[in-house]
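According to Swiss-Prot, the protein has these features:
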- 94-116: region 'Disordered' (REGION)
- 106-116: compositional bias 'Basic and acidic residues' (COMPBIAS)
- 118-230: domain 'DUF1279' (DOMAIN)
- 138-158: transmembrane segment (TRANSMEM)
- 233-269: coiled coil (COILED)
Amino acid sequence: MQWNVPRTMSRLALRTFVEAQKARLFDHHWRIKGPLLVHRGEYRVAWTPHLRKQWLHLSAVQCLAKQRNLLDAQPPQLGTLRQERWEQDILSKRVLSSSSTSQETPSEKKEETDPLQDKSISLYQRFKKTFRQYGKVLIPVHLITSGIWFGTFYYATIKGVNVIPFLEVIGLPDSIVDILKNSQSGNALTAYAMFKIATPARYTVTLGGTSFTVKYLRSHGYMSTPPPVKEYLQGRMEETKELITEKMEETKDRLTEKLQETKGKVSFKKKVE
């Protein structure tokens, strides 16, 4: 029995090492593979069961030196890789967000009809849309028709056509009617008042003249015919895809360059150490 006790004790020999108390617990806890036995002034003694090795005592200086080497070797590489992945995710999100906000996708756009043929909107809206799309044609047509309208009203007032009763019938304010009656330049003011009252008719004539002019210019090859809506949408979609792919390729190239620079720096540090 006395011989068996030392023999069993030798088989259950324990390996320990000493670690400085001042080191942080979470940084060095992974090196301790057994429960804590002794906790005194400057050292903590931990033990782990081992079958062959006996008690092993390491100085606190050696433990700290090994720990610092491991921390210097591993964390920079892991940190840089995580940082580069984080930057890659942020840049990809920015590219997608900028491409989605700067350009509207053609699928989301409503199919816009020709404002000259669209009867579902008001006269003023048709005039505005026609001005945006056919401004070069609408402006000269509108100036010519407006000149004709004003000239007609002015000629009528000069020839003695009294339009004052007509203005009173349509409900023009009395102050304006009195100004037109008593002013020395009554003919011009009267013509201008009639010109403003006839605004809906003037806009209708302008839109009709613009439509006729556009058809004439297209038939003679002076204006290009707009493409069909489907072809236009397909072209816009292809352009948007090309822009997005170009931006993604640029960001990938930048990220690969940064990763290569980071790897080179990490390898250089390892060689120096």
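Placed from the backbone N, Cα and C atoms, the Cβ positions cover glycine too.
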Per the Cβ filter (under 8 Å) with a sequence gap of at least 6 from its ends, the transmembrane segment (138-158) is approached by 130-131, 186-188, 190-192, 194-195, 198, 202, 205-206, 209-210, 213
Over the coiled coil (233-269) the mean pLDDT stands at 80
Its residues classified by DSSP, the domain 'DUF1279' (118-230) shows 85 helix, 0 strand, 28 coil
